[in-house]
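Undergrad: Positions annotated as signal peptide by Swiss-Prot, on the basis of sequence analysis: 1-21. According to Swiss-Prot, the disulfide bond annotation covers CYS51-CYS123, CYS328-CYS364, CYS335-CYS357. Sequence annotations record features per position, and here Swiss-Prot assigns N-linked glycosylation site to ASN130, ASN163, ASN186, ASN200, ASN262, ASN302, ASN311, ASN350, ASN414, ASN475, ASN506, ASN612 (among others) based on sequence analysis. Residues annotated as active site in Swiss-Prot: SER240, ASP459, HIS517. Positions annotated as substrate binding site by Swiss-Prot, on the basis of similarity to another entry: CYS462, GLU518. The GPI-anchor amidated glycine feature in Swiss-Prot is assigned to GLY633; the stated evidence is sequence analysis.
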Amino acid sequence: MVSFCGVAACLLTVAGHLAQAQFPPKPEGVTVLESKFGSGARITYKEPGLCETTEGVKSYAGYVHLPPGTLRDFGVEQDYPINTFFWFFEARKDPENAPLGIWMNGGPGSSSMFGMMTENGPCFVNADSNSTRLNPHSWNNEVNMLYIDQPVQVGLSYDTLANFTRNLVTDEITKLKPGEPIPEQNATFLVGTYASRNMNTTAHGTRHAAMALWHFAQVWFQEFPGYHPRNNKISIATESYGGRYGPAFTAFFEEQNQKIKNGTWKGHEGTMHVLHLDTLMIVNGCIDRLVQWPAYPQMAYNNTYSIEAVNASIHAGMLDALYRDGGCRDKINHCRSLSSVFDPENLGINSTVNDVCKDAETFCSNDVRDPYLKFSGRNYYDIGQLDPSPFPAPFYMAWLNQPHVQAALGVPLNWTQSNDVVSTAFRAIGDYPRPGWLENLAYLLENGIKVSLVYGDRDYACNWFGGELSSLGINYTDTHEFHNAGYAGIQINSSYIGGQVRQYGNLSFARVYEAGHEVPSYQPETALQIFHRSLFNKDIATGTKDTSSRMDGGKFYGTSGPADSFGFKNKPPPQHVHFCHILDTSTCTKEQIQSVENGTAAVRSWIIVDSNSTSLFPEVVGSGEPTPTPMPGGATTLSAHGFLYGVTLWAVIVVAVIELAM
């Protein structure tokens with residue numbers, strides 16, 4: 001998982017005149033469709049012809065534009081536009097009869113382009129950050145896939161565009177006043193265009209985000225011309241903070257379906273479309289804080305890889321912080337008791353509730369989870385790897401801001417991986433520890449919607465122990481049967497067992513072997529098989545048994561085997577060969593970052609040239625150690641197509657000055 005890059009850590013030298021030549025082009029060739037319902041909404045899109053290069057398979061990228069006031073039908077004041085970016089890929093096989101899957105990354109504030117480009121999308125970006133190769137395990141093999149950047153201001157989605165200055169040393173970002181001259185850029189001072197970075201013009205919590213996404217879906221599924229299925233089933237797959245997104249969004253959609261069907265929804269004509277929900281898949285999701293917090297001390301100290309990431313004393317301190325009077329557990333219970341009375345819909349409308357819930361999250365994170373980060377030296381998303389880890393490779397970060405990619409997508413701003421303003425808006429209302437997520441999952445199951453929980457067993461961030469506890473914490477009609485189901489091996493092919501699964505009917509919990517936070521990146525075939533089996537009503541264990549109808553005796557299909565899977569042990573993996581990609585400083589050591597700042601680093605295509613990178617990517621960085629040429633102000637250039645080119649585009653990645661459009 002790529003973290004938000006600290007700007008000072010990303011300090012690079014920029015030649016201002018070169019950077020200005022690389023600004024994203026004004027979008028051209030964009031199709032504009034005004035809503036037929038007169039709501040003021042519209043769709044803009046292009047056929048980019050990128051990433052999915054399989055002959056005959058179409059893709060479309062664009063925006064659903066929602067005007068101010070769209071959310072008023074939910075009693076929410078919204079005085080800003082919501083321009084939500086999407087990228088849709090037809091299924092490679094029989095798209096007319098294929099179901100549709102929606103993919104969203106978490107954060108909150110993370111772009112779904114991360115999942116698309118490194119996990120389950122049609123292509124991967126090569127080490128040159130300028131070309132792609134097809135992914136044979138893409139989730140659009142048999143499913144139409146829709147990737148969405150949400151909530152507004154995430155990734156390529158925006159409210160309004162504005163010009164900013166950015167000081168790379170102090171990390172200060174200042175909005176330029178209208179008519180103010182564009183300042184001259186230098187090595188540590190840049191200008192550019194972003195979404196507004198106004199915390200008041202993004203979603204304040206998961207429930208608020210669900211409302212905006214539902215309106216997006218109403219427009220897209222009724223009016224987007226590139227989607228004409230005979231199969232109207234819609235599934236949602238999400239990851240990480242998607243442990244909240246998935247339950248809340250899907251439950252909200254189903255609640256709206258019920259209101260439309262029974263006539264209690266009084267929205268305008270364009271908001272009467274029933275979304276035929278089929279499956280919710282959560283990949284390494286942080287679902288319920290109260291249930292999952294005990295899993296962090298266990299994962300750090302007693303996991304199936306026999307890795308003691310913290311010592312006994314630190315482990316005891318983590319447990320004490322969790323269970324002592326006034327500790328993490330008590331703070332969350334206090335948050336939930338207040339929110340259930342004063343803010344039952346988790347809209348952030350009560351400042352006392354917000355503060356109490358925010359305080360609970362801060363305490364629990366610092367004292368229960370973060371000792372692992374402070375003392376282990378291991379990766380947050382893969383306990384088997386030491387920090388820094390270069391996996392999944394961040395080559396896509398530069399590719400998404402290549403001028404030809406921006407032009408093909410028709411986007412009016414630069415892409416960013418994570419938005420700290422969005423994350424802050426969620427944290428400000430204490431969205432993390434609030435209640436309701438497991439209840440949402442129970443509601444979905446009671447309404448016939450499948451729930452598939454998938455967890456890589458090397459992740460710490462939202463680890464599988466917590467995922468298992470969440471699965472057992474869902475209280476619904478078949479809870480007893482699910483608890484009594486044993487674990488069965490996940491048969492991927494004739495020679496490979498990909499993990500263990502407990503399943504009864506529409507609910508499954510899968511532990512995937514040898515996988516970190518982003519399961520499809522680590523185990524692409526296993527992830528694809530689980531995805532297909534979930535959507536096509538097959539058992540997760542073998543893919544051969546029907547799960548949609550009752551068997552003899554009136555029971556649904558259920559797995560049998562051991563009551564838990566802890567007894568299935570793993571060996572720690574070898575370490576990845578390390579390389580530093582300067583657009584993602586989480587892949588770099590402190591010394592490497594300093595070498596970029598002080599001008600001693602040699603860099604090609606955003607990769608620091610050393611013995612590791614020359615062995616991994618000789619066609620990109622060269623096969624031997626180069627002789628760097630100093631550049632004024634710091635970094636070094638290898639050639640006109642080496643570091644200098646990288647610096648020019650990084651200016652575009654961080655910021656850009658463009659004509660404000662759409």
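Placement of Cβ uses the backbone N, Cα and C atoms for every residue, glycine included.
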Undergrad: Rounded to the nearest angstrom, how far is the Cα of ASN350 (N-linked glycosylation site) from the Cα of ASN200 (N-linked glycosylation site)?
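TA: Cα to Cα, ASN200 (N-linked glycosylation site) and ASN350 (N-linked glycosylation site) are separated by 16 Å.
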Undergrad: So among the disulfide-bonded residues CYS51, CYS123, CYS328, CYS335, CYS364, who's got the most Cβ atoms within 10 Å?
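TA: Of CYS51, CYS123, CYS328, CYS335, CYS364, the one with the most crowded Cβ is CYS328.
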Undergrad: What whole-number Å value do you get for the CA-CA distance of ASN350 (N-linked glycosylation site) and CYS123 (disulfide bond)?
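TA: Counting only the Cα atoms, the answer is 44 Å.
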Undergrad: Nearest to CYS328 (disulfide bond) by Cα distance: which of the recorded positions SER240, ASP459, CYS462, HIS517, GLU518 is it?
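TA: Going through SER240, ASP459, CYS462, HIS517, GLU518 one by one, the Cα closest to that of CYS328 (disulfide bond) is CYS462.
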Undergrad: List the recorded positions among SER240, ASN302, CYS335, HIS517 whose C-alpha is within 10 Å of the C-alpha of CYS462 (substrate binding site), in sequence order, or say none.
TA: SER240, HIS517
Undergrad: Look at the glycosylation sites ASN200, ASN414 and tell me which residue has the greatest number of other C-beta atoms within 10 angstroms of its C-beta.
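TA: Most Cβ neighbours within 10 Å: ASN414.
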Undergrad: On a C-alpha basis, identify the one among CYS357, CYS364, ASN414, ASP459, HIS517 that is nearest to CYS51 (disulfide bond); the candidates are the recorded positions.
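TA: If we rank CYS357, CYS364, ASN414, ASP459, HIS517 by Cα distance to CYS51 (disulfide bond), first place goes to ASN414.
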Undergrad: How big is the Cα-to-Cα gap, in Å, between GLU518 (substrate binding site) and ASP459 (active site)?
TA: 8
Undergrad: Mind giving me a neighbour count for HIS517 (active site)? Other Cβ atoms within 10 Å of its Cβ, every protein chain shown.
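TA: Counting Cβ neighbours of HIS517 (active site) within 10 Å gives 26.
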